[in-house]
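Okay, so here's the structure we're looking at.
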């Protein structure tokens, strides 16, 4: 063995030789910290978000081929890249050399907002293009399945992808024989106001062409190394861990014999997360490299043998090729495996994970193991003692020692037999999200009839996700042999399997009744699938399936993605150089795409920099008895542990208890785990809103608004309906976690704080107060923020203050970057809500009286809870006039991390409660919810429940346009027809209006300032108080300066936001950042222009350089501050009257979904959105805000589910457990349209703030699902009221579609067991 091996690999065409490598290091920190390549981002550390995607290229000396594949750098051990070429986003192009077409197109198609996920997106697309220069759209969206984006809503990223497809822009389905491109804009007939709107946000003609010959070549030296190098095991020894890389089978067996307990890893996608998240430690790791025997693909006469070292992606390609070659009856198992491989994880993980690793990990939710078990697969094992074969059966999957590998054995390959005639194999899975999500339940099923008599000869059924391992229902299958394939057999099978595959009521993962239902729903699907295949093989003896059953087998109808955008054209009278109203690309778009945009953690390390890690409480309500930091302090590199001496108690799990400061991130985190805290638990532990109501645990005061006379109105109505709806919370999931760097300046106690925050002034204030300094000694700087959504407004201050305290105490820079799991735990998110309503209405659907109660789960401290509640009460009317309305609200104090601001700020909860009430009223009247919405909508000139005037003309126009654009009535009829013909799939259609009031509640909260300098060469520097967090505020500010100073955009620069240049700036949020700061920038520019007027009029043909010099020579100041006082805003809660809002954003959205009643899955088929945006300053940015908010709202109301244990511990701490929408979740057709421009004198150029209003429109998907579920229930004769809570997950959808299967399952009596999680 080669003891002191050198690690040799290439990064971006440059050779890297690492002499003393630590095997515990991952590629991501190596790239970022050691090589200073900060374009590759840290997003989650678990391979779940794709922010760290790089391309790995390896040369195979046997096949003489180079394999390029995407990989998550956060999971890739540095030792595993020996002999590979790594390409990062910096390696494919930069603004200093030349940019790559992928980088250019994602930027110019407006596919970047905060830009943090962009490098990963770029690398995923780039790698695909290296392998397939002419990809299909499906290949592209598949390649991006493992990349999350929280800002854009994915549509512009798909647009950028389409430019690489040979059929760019066309939906590829010629409906009625006409290409969509010939029917006006993607199926829109050309609209009447032809000259007012436009539909192209970018022009493809100008793009750089993709030229595969220009890519980086694979380093010839690595080829020579691979060809010529003598095969010798490489050993890398670190302080705690040794990495052994055998290159021949013999050496692998020797290593395994010597270290029988060492895990064998290939892609590190299973061991990696265990080490990182569960604290598992392995002193020795064996990682075979390029051993041919592990990569075999052999087809013999009885089946296929696949090497255990093949990646799942290679396995998928191999099976796909085999399926094309062989007759269908022989490839049943392969087809089923391919189906599971299509949705398993994302492209990065599939390319890293190996088949052998997947099988050996035996994860409870493995998608392939149940199939390999029923398919009769065998494993070929080898050790120094010799070879043997074992079956993949339940004993093996349970890790029974008798059926498992011996410690010194290696899994070499897997035999997957061909299927036979009259043998059928199927795979099923249901997850929280269609792709890149671990299955809740999955299954493999096989039946063999021997011949065409339909009598069962062999039956094999296994499930994943049910017990601690994959479970095979052997006894049930045994009892069914010899029976014919008919309804009685199915009924018996369901009962037998439910009995055998039992699930305890407190099983980990929860969703127990849903899982039980899936067990038999999958069985029913299999029954129908086999019937259909039997019928196809022998149409005479087998009846065809009843039409209504056909739908159980059909996948959701795939349609090619298309989108149409319709925005306002610029007034032809506008001067050509005036950029306002044009779709200008995001100022940093290209830098986002090249990885050159600097975020907080991308700043180079300071000399002597320390790292801070937090220790958080593990109890929800307890007294702290003692804190022992001695073991933590004894670790090398640990400098200090800060603890609050007088901290008496903790009030939630995740409360900050102390902070460890060390000279490296690794040491700080290790030491944080060694801090020992002794707690004494206290009562009561209040977690839910119901518990808070019971204990009267509220933050003061109760809020109340009353309008009209509610009690009298209830006496005259025809009907009264009462109901309640529960909304779960939501995690911000900004891609850049909380990040801060505090740098003491060394004199006068000055401190610079670089933070990812929405509120620099807040940081400055809290840091100054903690350090007992005046604010003028503390400066807070923000260049850009990688997504915020409200989560970096108030939460960041406390952490920044502790970091600054440590920096001040030690006189050294201190950095603190939260890991994703910590971030989700500490910072909490949107308030869970309980809404109760009582509505009095007439037969025609007019609501005359409404009594509402709102309860928000505030968590352990007040934070923003009262403000969120107040905004909810002020906005709960949404688009409706309720002549008599009483609403009351309470912020509940509970033992959860304190909830805070999140995009929409109370309205997404309050609005949903109102819409749920309307849906309830509609059901009672026998009308469609849309009719009831129409009849209660505000008329043109009206008054809100807090007596503010409103003109709802544009609301009504949005509603009408949305009706027309979505062809609502035609599609409603089509949905009803579909639902009559299909029993197990249902479609739903819903349309929802929005009136989103804009305003901050006080004039002071809306003030803004700016500073504009003109330099002597005629260039301009703009600074303002707004934070760039992806919404494009800096881009809009430069458009403003360019218009006001009548100079080209390229003349104006913006460096960032700082308390040094613009003091006392308000928090950036509430949809008004561009509005308020834009008016301040405009004010400053006008001041300058006024001063310079005499000079410009003397030399009207001069340049800005001439004018600036002339002004300087005449001693005229070239610098000006601009100021805006804020909009008039007031609200009196005593009288319940006021004018809190400046204006309203109106809109409407219509969404159509399809649900699978057997599994609870849903597909978003189409969404149409119409918005009233006033006059858009930048339509590209504005459409981006609307779409991004809509998708975030869609996530809130459908798949984003937070889980807490009964002790108040958050389970969902990363993308593995918490599912935000991915590229496959967005509506297949996504259309956004703006109303024609409308003037409103008070705002910036009559524009409107659009950051938040779109979130609520996501509930059009919620109500479309509601509509589909209602159709299913009606067909099954269930007439009662339908109560659906948010989020409407697959579990809730399936359990609401009650049928014979939900009746069959055993139910658990609440209170008779301790559940795994509690609904919050």
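Backbone N, Cα and C atoms are what each Cβ position is placed from, and that goes for glycine too.
The domain '2Fe-2S ferredoxin-type' annotation in TrEMBL covers 5-92. The feature [2Fe-2S] cluster 1 binding site is assigned by TrEMBL to 44, 49, 52, 74. If you look up TrEMBL, you'll see 114, 117, 149, 151 marked as [2Fe-2S] cluster 2 binding site. According to TrEMBL, the feature domain 'FAD-binding PCMH-type' maps to 236-421. TrEMBL lists 264, 265, 266, 267, 268, 269, 270, 271, 367, 411, 429 with the feature FAD binding site. Summarising the annotation, TrEMBL assigns Mo-molybdopterin binding site to 758, 789, 903, 1070. Per TrEMBL, the feature substrate binding site maps to 905. The active site, proton acceptor annotation in TrEMBL covers 1252.
Residues 788, 790, 791, 793, 901, 902, 905, 1029, 1068, 1069, 1251, 1252 surround the recorded Mo-molybdopterin site, their Cβ atoms falling within 8 Å of the Cβ centroid of 758, 789, 903, 1070, which are themselves excluded. Between the C-alpha atoms of residue 114 ([2Fe-2S] cluster 2 binding site) and residue 429 (FAD binding site), the distance comes to 34 Å.
Listed in sequence order, the binding-site residues near residue 1252 (active site, proton acceptor) (C-alpha within 10 Å of its C-alpha) are 789, 903, out of 266, 789, 903. Comparing CA positions across the binding-site residues 264, 268, 367, 429, 758, the one lying closest to residue 52 ([2Fe-2S] cluster 1 binding site) turns out to be 268. Sparsest Cβ environment among the binding-site residues 789, 905 (other Cβ atoms counted within 10 Å): 905.
Residue 429 (FAD binding site) and residue 49 ([2Fe-2S] cluster 1 binding site) have their C-alpha atoms 22 Å apart, to the nearest angstrom.
It is 758 that, of the binding-site residues 268, 270, 758, has its Cβ surrounded by the most other Cβ atoms within 10 Å. The binding-site residues examined here are 52, 114, 151, 266; by Cβ neighbour count within 10 Å, the least packed of them is 266. Take the Cα of residue 789 (Mo-molybdopterin binding site) and measure to each of the binding-site residues 74, 149, 264, 268, 367: the nearest one is 149.
When the CA atoms are compared, the binding-site residues lying within 10 A of residue 149 ([2Fe-2S] cluster 2 binding site) are 49, out of the candidates 49, 74, 758, 905, 1070.
Taking the mean position of the Cβ atoms of 114, 117, 149, 151 as the [2Fe-2S] cluster 2 site, the remaining same-chain residues with a Cβ inside 8 Å of that point are 112, 113, 115, 116, 118, 150, 152, 735, 786, 787, 1030. Spatially, by CA atoms, the binding-site residues 49, 151, 905 include one closest to residue 270 (FAD binding site), and that is 49. For residue 44 ([2Fe-2S] cluster 1 binding site), the nearest neighbour among the binding-site residues 264, 268, 758, 903, judged by Cα separation, is 268. Taking the Cα atom of each, residue 903 (Mo-molybdopterin binding site) and residue 266 (FAD binding site) are about 41 angstrom apart.
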